[in-house]
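If you look up TrEMBL, you'll see 6-208 marked as domain 'Phosphoribosyltransferase'. What TrEMBL lists as 5-phospho-alpha-D-ribose 1-diphosphate binding site is R79, R104, D131, P132, M133, L134, A135, T136, G137, G138, S139, D200. What TrEMBL records for I194, G199, D200, A201 is uracil binding site.
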Amino acid sequence: MGKVTVTEHPLIQHKLTLLREASTSSKDFRQLLTEITMLMGYELTRNLPIQDKVIETPMGRTVGKEMAGKKPVIVPVLRAGLGMVDGLLNLIPGARVGHIGLYRDPETLEPVEYYCKLPNEIADREVIIVDPMLATGGSLAAAVNFVKQRGATSVRALCLLAAPEGLEAFQKAHPDVDLYVSCIDEKLDEHAYIVPGLGDAGDRIFGTK
Ligand code: URA
């Protein structure tokens, strides 16, 4: 089963409380989401491989460390996933960014891909899918399916909040994918919104209704 890491750092929990509040403006919401993503990104990247690198300092030769292994690609699930891109790019400025757009077919209720643009050689990359709200788990699972169908073999996912039902469904669908969340909330309501949650993440990021 994929590992679930709940990033319980005090700063993350403090900022998450501010983010959840209905009175928080879109401007502050975006800023807080970026800051939380950076803090969560610290945990997400903790086990990325490194290798030795010989360098010359002004004082002489030494051996430092540099990132090794697969090059990261950040893949936001449109639209709310866009709110988590800057936080990760602040940490990994050289990362590529792919995009996946999904909508739910009103009849079958299945997620349908309407947009997908990924960098080349996806099989040789560490794919980090970002989507703030893991509600039913359906769109995150579909996004992972799409990158796997295009050859990705190493995928991890970063979500701000998860509902227990969605977490379980996602883990069943993708037992090889490690998941990072800042909080596992109480439940889903009858409209598949996370409770207590924060409302519609896309609307709060972009100031739409
Ligand atoms: N998507 C959201 O934006 N919010 C939820 O609570 C669930 C899904």
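Note: Cβ is positioned from N, Cα and C throughout, glycine not excepted.
Structural mapping of features recorded in TrEMBL.
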residue : record                                              : DSSP class
R79     : 5-phospho-alpha-D-ribose 1-diphosphate binding site : coil
D131    : 5-phospho-alpha-D-ribose 1-diphosphate binding site : coil
G137    : 5-phospho-alpha-D-ribose 1-diphosphate binding site : coil
I194    : uracil binding site                                 : strand
G199    : uracil binding site                                 : coil
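With every protein chain in view, the residue among the binding-site residues G137, G199 whose Cβ has the most Cβ partners within 10 Å turns out to be G137. Counting other Cβ atoms within 10 Å of each Cβ, the binding-site residues D131, D200 show the lowest value at D200.
Proximity note: of the listed binding-site residues (D131, M133, A135, S139), M133, A135 have a CA within 10 Å of the CA of I194 (uracil binding site), given in sequence order. Per Cα geometry, A135 is the residue among the binding-site residues R79, D131, A135, G137, S139 nearest to G199 (uracil binding site). Spatial neighbours are here defined as Cα atoms within 10 angstroms of one another, and by that definition A201 (uracil binding site) has no neighbours among the binding-site residues A135, G137, S139. Counting in whole angstrom, A135 (5-phospho-alpha-D-ribose 1-diphosphate binding site) lies 11 from D200 (uracil binding site) by their C-alpha atoms.
Here the Cβ of R79 (5-phospho-alpha-D-ribose 1-diphosphate binding site) has 16 other Cβ atoms within 10 Å, regardless of which shown protein chain they belong to. Confidence across the domain 'Phosphoribosyltransferase' (6-208), taken as the mean pLDDT and rounded to a whole number, stands at 96. D200 (uracil binding site) has M133 nearby among the binding-site residues R79, D131, M133, G137, S139, counting only those with a Cα within 10 angstroms of its own Cα.
Under 6 Å, Cβ to nearest atom of ligand 1: this is the test, and of the binding-site residues D131, A135, S139, I194 it is passed by A135, I194. Within the same chain, residues at least six positions away from M133 (5-phospho-alpha-D-ribose 1-diphosphate binding site) with a Cβ under 8 Å of its Cβ are A80, C159, L160, L161, I194, G197, L198, A201.
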